[in-house]
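Worksheet: the structure to be examined is printed underneath.
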Amino acid sequence: MEALTRWTDRLIGLSAFVGTAGLLFVVGVILVDVIGRNFGRPLYGAQDMVTMTMVLIVFGGMALCDRLDGHIVVDIFEGSFPEWLNRVIDIASALLGAVIFALIAWAIWNSAQLSQMLNLSTNLLRLPLAWFQYAVVAFSGVTVLALLMRAGLLLAGAPRKSAEGAL
Amino acid sequence: QELRYANWAAPMHTITASQIEPLAEALEEGTGGAVTLRAFHGGELGAGPADQYVRVVQGTAEMGWGLPGYTSSQFPKSMIVELPGALELDQPAHEAMWRAFEGELASEFPMTEVLALWGSEPNVLMMRDREIRAPEDLRGLKIRVSGAAAAEAIEALGATPVQLPITQVYNGLQTGLIDGLVSGASVMSDFKLDEVVGTMSLGANLGRLSFFTVMNKAAYDGLPDEAKAALDTEMRAELSRRAEEAWKATADAGIDAARASDRTTVIDLSEDEIAAFDAALAPVTDAYIADVGGEAALAAMRGQ
Amino acid sequence: MSPVLAGTLGLVILLVLLLIRVPVAFAMFAVGFSGIWLLNGLPAAMGLLSSETFALASNAELIVVPLFILMGNVASVTGMSRKLYDAAYACIGQIRGGLASATVIGCGGFAALSGSSVASALTMGRTALAEMDRFNYSPRLSTGVVAAGGTLGILIPPSTGFVIYAILTQQSIGRLFMAGVLPGILLLTLFILTVMLLCWIWPEMGPKGPATTMAEKGRAFVGAIPILSVVLVTIGGIYGGIFSPTEAAGVGAALVILIGALGRSLTLASFWQAARSSIVTTASVMLILIAAHLINPFIALSHLPAEVSGMLVTLDLGLYGTLLVILAIYLVLGCFLEGLAMLVLTLPIFMPVILQLGIDPIWFGVLVVLTLEMGLISPPVGINVFIVKSVARNVPLSEIFRGVTPFWFAMLLCLLIIIAVPQIALWLPGMM
Ligand code: NA
Ligand code: NA
């Protein structure tokens, strides 16, 4: 169990690293494009780079978001539920999330194969869509692991909320 | 049996009256009501036009229309019809595309049955305030384009191509983020650009957009024979022609309104001025044709 | 099961899932996906799941979400937003709730540079909440102000809401933008009056600060110059045509990073931490936006909007009756659906009714956008409230909903005023 947790945490850290690096890359791309354009030399395919990197940003942070308990909940009745019920809801929610991300991974895996068959790519730079769809599949897979780990830890009696300071 | 037609545009868009309604009628009459068509407008079956082909292949909808230009990598040869100078301005794109379809384009449409192919009105130059009469007038200006071929064409004319979502074009023209755009004149009314476009230059052959309507292959194969008969070659030609003519009518109304308006100056380029644009753009088209090995497709489109 | 029944049941289940504390995005995914599966088959559900997810995650305009979060995070770790609030506190801290009023004005300013409510709430939330907390403002007031103030993004031009309305109804974008100006200012004023009223009744919500001398005010102002110049460059760049509103987010982020690095207030470690925390917030916000795009097709497939408006046409309620019922429908739908996608589904149904009654479509556009703004903060699915929650982790969502309620009533008042006096919306476009 501990080894599993450690490896899952490493994968979560790795996907967050890709997402964070992607965000900084996008800032750079926009800056170079804006400056270049106003001197008549825009960055060729800037929009292709921005939109495809955005996929990495959005899904790269998904597993860490869950690890840090970052998914938004309506907590109006939390205080009036007994502790055991809150725990059951948390475990069920984590399992539901795992199913959802597994479905996302499966659906996008199918689309990625279709993208390869249809030779789909971005319009200017010809970046293959399938690369980024497989990235979503991988990141979603890590998120499934993170959610299963949450469910497992809660079942084993871990405290319900992760430390806020971790952010 | 009910077939689903995915339309990402609003229900009152040109596509509804010119294609979806006649298609529904043909199916209903041909099968005595056994096969009906239901349109899902406004992206009810998914918002993005870029995904339309995939949507039909995956069976989210049985039918849908889209633009090859949004996923041009899938349609290297079909995109030839969009190139500057590929067809004469008054030559219908739908006839050209169907002429080339069997021999050249069909392989770009796997797993679907192609029900319609058509083109838009010709592209024109729409500018914020500059009067464009020659390629030199464009030098250094920022022009919004929609695809790779258009970007190269704009560079060949000496301008700087800019990618910008169509919904941001209004603001972009207003603030001067872009000096103009290359597109069909229907955007003047469709995206309310008539308020911010100061001049239009007509007559140069800057190419056009193209469109397809496809049906899921398995769904087509499963249709009763009467329904297949209702979707025969003649019907496909008819659907294509009607759509292209409807597009042209919207564009002509936009140009007429621009001519009548004090706010917009419409420039009709002279033969000599047009020749200068043709000369500057011919290498772009030639390079593309050579790159994709599209000589035979172009010849078929031109009816040679 | 009839589609309408399925749609209604779906919304009820969504409500229950939300109330028992299933994460908002998961609840919307579950209901949207199963609803589409039920009404239109598994291939349609899988297709939509994949295409909507990827299309939203690669949407060229939504890139402002991570960029504005990054800008807010860096401004916060470098102390730039602290200095901004020090300046505001020195100037108007003596007034009860002064900082909250200043935040409303900040939201209005931010709205003028961004067309999106999400971006406004995120950026203002990231910079303003911790600062108001520092001056002992109650979280209920500060989060309420930011969630409500952020909605100004789609009323004050430029506004994505007006652009989409204009395209769908063939109205002039320019006239709609002009029509949004005075209602935007009116609403901003009502928000400030709400803050003053709240702080007059409960002074501890926004405690009074000490009096300051002119020299102290001047010093505080000088400290805020870096962040103020970022704001000026960003707004100037948009209106001067140097960059698009989307790119402005990237330029703004780059500028605060540059200033932080040059002023040595940003270390490599704190910079990386700020960026890493930005993608976590991005993930939680984007997941909700993606999930909302699965709820919309489900509701469309259930024919719920079409049925309701079909009933409306047969009721024959007269001009004001019809108008109020339509706005009420938007208000109710706005409790569940994401606003802009909702416009695409409903406007084609409502517009003929509106035009037939002789209602001015520009005026109606302002009323609709204002109603959509209310939907952004009304429970259970209040996107802006969720967004504020994503940057104010320690404040319970219930507290934010409570905090936003007075501002919701201010919006209702604004709506009624504009219904009673259409000239507020129509005077400026009439001058064009
Ligand atoms: Na705005
Ligand atoms: Na809402």
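Cβ atoms here come from the backbone N, Cα and C positions, even for glycine.
The structure displayed is predicted, hence computed values, not measured ones.
If you look up TrEMBL, you'll see C:11-424 marked as domain 'TRAP C4-dicarboxylate transport system permease DctM subunit'. Here TrEMBL flags C:62-80, C:100-124, C:145-168, C:180-201, C:221-242, C:248-267, C:279-299, C:319-350, C:362-387, C:407-428 as transmembrane segment.
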The answer for the transmembrane segment (C:248-267), taking Cβ pairs under 8 Å and residues 6+ beyond its ends, is 63-64, 67-68, 70-71, 74-75, 77-80, 113-114, 119, 226-227, 230, 233-234, 237-238
Lying 6 or more residues past either end of the transmembrane segment (C:407-428) yet within Cβ distance under 8 Å of it, the residues of that chain are 144-145, 147-148, 151, 178-183, 186-187, 190-191, 193-194, 320, 323, 327, 360, 362-363, 366-367, 370-371, 373-374, 377-378
Note: vs the transmembrane segment (C:221-242), the recorded stretch with the largest number of Cβ pairs under 8 Å from C:100-124, C:145-168, C:180-201, C:279-299, C:319-350 is C:100-124
Give the one range among C:100-124, C:180-201, C:319-350, C:362-387 whose Cβ atoms make the most pairs under 8 Å with those of the transmembrane segment (C:279-299).
C:319-350
Which residues of the same chain, at least 6 past either end of the transmembrane segment (C:100-124), have a Cβ under 8 Å from a Cβ in it?
61, 64-65, 68-69, 71-72, 88, 92, 132, 137, 141-142, 145-147, 149-161, 163, 184-185, 188, 191-192, 195-196, 199, 206, 231, 234-235, 238, 245, 248-249, 281, 285, 289, 373, 376, 383-384, 387-388, 390-391
Counting Cβ pairs closer than 8 Å, which of C:62-80, C:145-168, C:180-201, C:319-350 has the most of them with the transmembrane segment (C:362-387)?
C:319-350
Are the transmembrane segment (C:62-80) and the transmembrane segment (C:319-350) near each other by the rule of at least 3 C-beta pairs under 8 angstroms (pairs 6 or more apart)?
no
Local confidence of the prediction over the domain 'TRAP C4-dicarboxylate transport system permease DctM subunit' (C:11-424), expressed as mean pLDDT:
87
